[in-house]
Amino acid sequence: MAPALIERWRLHSEPGAFANGPNGIKSNRDLDPVPFKSEERKWTWPSLLGFWIAEAFSISMYQVASSSITKGLSPGLAILAVIVGHILVCIPAMLNGYIGCIYGINFPVLMRSTFGIWGAYFGVFVRGVVACIWFGTQSFQGGQCVASMIEAIWPSFKRFPNHIPISAHVTSAQLLTFFLFIIIQLPLLYLHVSKLRYLFMAKTIIMPIFGVTLFTWALVAAKGFGPTFAKGTHIKDGTPAVIVFFQCVTTTIGPKATLALNMPDFTRYAKYPKQVFWTQAVGLCVLVTLCGILGITVTSATQQVYGVLTWNPLQVSALWHNRAAQFFSSLCWMFAVIGTNISANSVSFSNDLSLWFPTWINARRGAYVCCFISIAATPWNIQYSAASFSAFLGGYAMFLGPIAGIMMSDFWVLRKRHLNIRSLYRNPDIYTFFHGFNLRAFAAFICAIAPNLAGLAKATGGRKVPKGATYIYSLSWLVGTVVAFVVYTVLGKIWPMEDKLEEDEHVVEGIDGSDRSERTQSEHEKGVYTGEKAVNF
């Protein structure tokens, strides 16, 4: 009975996948490349823009921007910090997303070309841990939405007895609604990535309408832009305004730092490479920024009208003293949290876990594992204040930035836009490097996080840390990205990496993104060439 049950849960690679063969690495359907004419390649520009709209309208994005106001920045500087942060993080998102579309591979497989066949496990572990923690944080926000909805229907829920110490940063009611949201979310985790475009399209319709309504209320209640944006910059703790500005830039980058790495998880289902480029720019730099502006506007207006400085949109809903408005506002925010959580976190973690356990974990199973592990992250400790939230974002961004810099240098500079797809699924092969580890990548990663370690110690409560280290840490993601890019490029020039073209010319024309001929590139842009011979499906 037991062996039969174990065999039933075992995953098997599709016939003809690259993993099959004498040197093949264990794989499964979610790790194999997606050919251009695959039925799963249905993402066009509406789906890609819908993805970013789904990302834009979320409580986290609202809080990222509004937390800048609580730190003392003026609304104008807070908006500028959001714009600068999104422009910076858009660069690796565009470049890495293009690789996913051209080659049809996801982030964990792409990691093999940078960190090595076995070193890739380190890269996906770093990103996977962040995705799992972030899933818990978003779910806790979803639980707050559920609590707000319940309070709108039954105001007595506000007096729900608490049996948990204040030091835990969570109440009994918050834990109850947190688990209620987890239960609500569970059925939607079953959706495959290729089907998520329907969820994105629904959010594309609902959330912009809600956002415009909320923005209009803020302007009307505060009597226009003048009173809303009249507040100047006032930093209470004496930190220079420029440092606080850079901290807010890094806080803006934080929620999108994971997506800058794992865009291939989604763009591998896109039909046209050109659309991957411009939709990233419009979606991230314009649409997501608009949600940040919404958070700043509403936070500033709430302070103007009610005299309350809050970074939580659900608290704003409660200040209206309108139970119907509070309920539907909380419902929209809950829907926003679900869309963001599934797209940005569960998909990322499930792909990462699939690389670790390809025989047992696919996208769906990994999503449920992510959900259950995220509970242990105690997300209420991250969410309880704007300071703790910002420290969390800056802390993990310093580890993701170096990976982004290494990825950009590897593909776009050193490899000149060429990958050998077959070698990504074989060991030994060119991506084995030194016993499966690319020492150049690990050296660049260590050099990139070194400048930020002292600042991280200060952010986590350390003492006697030089102010200069704190200033560097205010741009932890950017510093890590640039240092890793430079170090990895230099090491790659001094110590060149082995490379080889695909032996079968059809592989080059069907999958390769090196633009070797005008005809091949034209076929890529139109999404015409199937790539079937390349991936042997």
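Glycine is no exception: its Cβ is also placed from the backbone N, Cα and C atoms.
Quantities reported herein were computed from a predicted structural model and do not represent experimental measurements.
Packing against the transmembrane segment (45-65) from elsewhere in the chain are residues 78-79, 82, 137-138, 141, 144-145, 196-197, 199-201, 203-204, 207-208, 210-211, 251-252, 254-256, 259, 266-267, 270, 272, 275-276, 278-280, 282-284, 287-288, 290-296, 298-299, 311-314, 333, 336-337, 339-340, 343-344, 386, 389, 393: each is 6 or more residues past its ends and has a CB under 8 Å from a CB in it. The transmembrane segment annotation in TrEMBL covers 45-65 (among others).
Here TrEMBL flags 77-103 (among others) as transmembrane segment.
Sequence-distant neighbours of the transmembrane segment (115-136) (same chain, 6+ residues past either end, Cβ-Cβ under 8 Å): 25, 107-109, 255, 257-258, 261-262, 341, 344-346, 348-349, 351-353, 355-356, 370-371, 373-379, 382, 392, 396, 399-400, 403, 406, 427, 429, 431-438, 441-442. Residues or ranges marked as transmembrane segment in TrEMBL: 115-136 (among others).
The transmembrane segment annotation in TrEMBL covers 166-191 (among others).
Under the heading transmembrane segment, TrEMBL lists 198-220 (among others). Below 8 angstroms of C-beta separation, residues 46-47, 49-51, 53-54, 56-57, 188, 191, 228, 290-291, 294, 297-298, 300-302, 313, 329, 332, 335-336, 338-339, 342-343 of the same chain, each at least six residues beyond the ends of the transmembrane segment (198-220), sit close to that stretch.
Below 8 angstroms of C-beta separation, residues 55, 60-61, 64-65, 67-68, 71-73, 77-78, 80-82, 84-86, 88-89, 92-93, 96, 107, 127, 130-131, 134, 233, 284, 288, 292, 344-345, 348, 390, 392-394, 396-397, 400-401, 403-404, 407, 470-471, 474-478 of the same chain, each at least six residues beyond the ends of the transmembrane segment (240-261), sit close to that stretch. Residues or ranges marked as transmembrane segment by TrEMBL: 240-261 (among others).
Under 8 Å from some Cβ of the transmembrane segment (281-306) lie the Cβ atoms of residues 48-49, 51-53, 55-58, 61-66, 68-70, 75, 78-79, 82-83, 86-87, 89-90, 93-94, 211, 214-215, 217-219, 221-222, 227-229, 231, 252, 256, 313, 316, 319, all in the same chain and six or more residues away from its ends. Annotated transmembrane segment per TrEMBL: 281-306 (among others), in sequence order.
Residues annotated as transmembrane segment in TrEMBL: 326-344 (among others).
Sequence-distant contacts of the transmembrane segment (365-382), counting only residues of its own chain at least 6 positions beyond either end whose CB sits under 8 Å from a CB of the stretch, comprise 131-133, 135-140, 168-170, 174, 178, 182, 185-186, 189-190, 342, 345-347, 349-354, 388-389, 392. The annotation transmembrane segment is assigned in TrEMBL to 365-382 (among others).
If you look up TrEMBL, you'll see 388-409 (among others) marked as transmembrane segment.
Positions annotated as transmembrane segment by TrEMBL: 430-451 (among others).
Annotation comment: TrEMBL describes 471-491 (among others) as transmembrane segment.
Taken from TrEMBL, the feature compositional bias 'Basic and acidic residues' covers 508-527.
As annotated by TrEMBL, region 'Disordered' applies to 508-537.
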Same-chain residues near the transmembrane segment (471-491), Cβ under 8 Å, at least 6 residues beyond its ends:
88-89, 92, 243-244, 246-247, 249-250, 253-254, 257, 394-395, 397-406, 408-410, 413-414, 440-441, 443-445, 447-449, 451-452, 454-456, 458-459
In terms of Cβ proximity under 8 Å, which residues at least six beyond the ends of the transmembrane segment (77-103) contact it?
33, 64-65, 68-69, 110, 233, 241, 245, 248-253, 256-257, 259-268, 270, 272-273, 276-277, 280-281, 284-285, 288-289, 292-293, 296, 404-405, 407-408, 411-412, 419, 421, 477-478, 481, 511-513, 524
